[in-house]
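One structure is given here, and the rest of the page talks about it.
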Amino acid sequence: MRTLCSLLLIGCLLFSYDTPVVGFLRRSVSGFQECHSKGGYCYRYYCPRPHRRLGSCYPYAANCCRRRR
């Protein structure tokens, strides 16, 4: 019984926190969502001529571009 409880406790502790990969994925998704919520799109290279750069999209450091009005 003690062994079972110990294994259960170890399993809960291992899976209860976010790993660094999960934090990285959350930042990357939030970067894309933030760009799209501003009306932009993620473009890997420089923004085309009539567009301007709003920021960057994670994880590839792509540019968040939006057309000038």
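Every residue gets a Cβ built from N, Cα and C, even glycine.
Feature annotation from Swiss-Prot assigns signal peptide to 1-23; the stated evidence is sequence analysis.
Sequence-distant neighbours of Cys64 (disulfide bond) (same chain, six or more apart, CB under 8 Å from its CB) are Gly31, Glu34, Cys35, Lys38, Gly40, Tyr41, Cys42, Tyr43, Arg53, Leu54, Gly55, Ser56, Cys57, listed in sequence order. Under the three-state DSSP scheme, Cys64 (disulfide bond) falls in the strand class. Residues annotated as disulfide bond in Swiss-Prot: Cys35-Cys64 (among others).
Cys57 (disulfide bond) falls within a strand segment according to DSSP. Among the features that Swiss-Prot reports, disulfide bond is placed at Cys42-Cys57 (among others), with the record citing similarity to another entry.
Long-range Cβ contacts of Cys47 (disulfide bond) within its own chain (separation 6+, distance under 8 Å): Arg53, Asn63, Cys65. For Cys47-Cys65 (among others), the entry in Swiss-Prot reads disulfide bond, with the evidence type similarity to another entry.
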Out of Cys35, Cys42, Cys65, which of the disulfide-bonded residues has the smallest number of neighbouring Cβ atoms within 10 Å? Cys42
